[in-house]
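Trainee: First the structure, then my questions, so here it is.
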Amino acid sequence: MMIKTRFAPSPTGYLHIGGARTALFSHLFALHNKGTTVLRIEDTDLERSTPEAVEAIMESLAWLGFDYDEGPYYQTKRFDRYKEVVEELLEKGHAYYCYCTQEELAEMRAVAEAKKEKPRYDGTWRPEPGKTLPTIPEGIKPVVRFKNPQMGATSFSDLVHGNLSVQNSELDDLIIARGDGSPTYNFCVVVDDVDMEITHVIRGDDHINNTYRQVNIFKAMGKPVPQFAHLAMILGDDGQKLSKRHGAVGVMEYYDRGFLPEAVINYLVRLGWSHGDQEIFSWDEMVQFFDLKNVNKSASAFNTSKLLWLNQHYMIEKNPAELAQLLKPFLAKIGVATEDTPAFDNFLTKAVEAHVKRSETLVELAEMIKYLFIDEIEMDESAKAKQITEASKPVLEELVRLLSALSEWEPEVLDAAVKQVTQNLEVGMGKVGMPLRTAIVGRTNSPNLDETLYLVGKERTLERLEKAIAMI
Ligand code: GLU
């Protein structure tokens, strides 16, 4: 059997992290099994779907690097096909017209509520052998209801949860087309999965209740029921349902916060799936190892520090010249003018190489190297109070004296000059390094002094040292 999976987001908002995980798992499952993937935009809810949301979802999928073999298909472009299947089901007696008014339906709900029962359709218009249906009222546009079996149970074998089953008496006769003829959600999903020949439906476990209804529609259409794998929820760091409260939940917010897609993907693959105790996976390894057998039934909790750890791993692993390109928009955001010239790129790459191990996100890295690109650095107040003092004044002055005399500005020469200062003044390296860093970086944390001095450059170094001396 040729395996085919789909990702079927509803464009009612951004692609959230749970959706991205669903997209990832259905992708990996297809690729692992040498199958294919379909992207389907479930935009039948005309009030809640927006073109902006479609755009946002596409942008997120592109950022994550997911390519689809087919699609995007749009449900709104398939209304004729849904109509055709509604007709077919009506003809075959699997569906029927229901002329109940809103008032009658409200009455049914009220009766059920009074009896403390689940509100359900009472079957007024459901045809049965030997049953006389009410007279069709004037002026009412009927809805079409699916004739769900009433006896027995509907079950399916879920690839994550095992056998799942519900009594048919629990399931209503679902409306599949509204009074205006527009098809409803659960019905469209089935028609699409049939037409697109989906073999494996991988989605969030909030859809399990829909699946029972959908299984019966597949059967009524006389089509094979696909396999289902329902993925458990993702919880926030605090064990509560993941929500806006937890900060970033939209995929592109991770971009904005300076994460690399490789890190987000590697993080997501471990949210509910494991392969021994391996944590770091290349894309090829994910494809090679992924299976639904090792997907967890229970919810997994988000762990931001692990994501940060992975992000740092991928930042360090990335080619520094490429990382430099990715960093440019983050520099621009904090007011650093960037250029697309070989000289600028070379310098930025060197800056990235020197600082990458000290930051966990591109946002942090941009902040960290900002001092190399601006004229006026901001000095950390507590570093200034501790390092730019009467006691360090002779050190700063000696640094100016030796550094200004240098005709070359290369790391080896700079290293020697700094050592010379410690010797001349008979002080330890800390007494030189800390004030020097504070003066030229604005804080006491920076790469090796020779590298830092080299990157800041002679002119700016001397300027900043003089300025620091003047502050004392
Ligand atoms: N459109 C649904 C959603 O975004 C997914 C439906 C499905 O995968 O069957 O939650």
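The backbone N, Cα and C atoms fix where each Cβ goes, and this holds for glycine too.
TrEMBL: automatically predicted annotations, no manual curation.
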Trainee: According to TrEMBL, which listed range is motif ''HIGH' region': 9-19, 75-85, 438-448?
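Mentor: That would be 9-19, per the motif ''HIGH' region' entry in TrEMBL.
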Trainee: According to TrEMBL, motif ''KMSKS' region' applies to one of these ranges: 146-150, 241-245, 276-280, 316-320. Which one is it?
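Mentor: Of 146-150, 241-245, 276-280, 316-320, TrEMBL gives motif ''KMSKS' region' for 241-245.
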Trainee: Need the DSSP three-state call for Lys244 (ATP binding site) to compare against my parser.
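Mentor: Reduced to three states, the DSSP call for Lys244 (ATP binding site) is helix.
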Trainee: Near Lys244 (ATP binding site), how many other Cβ atoms are within 10 Å of its Cβ?
Mentor: 9
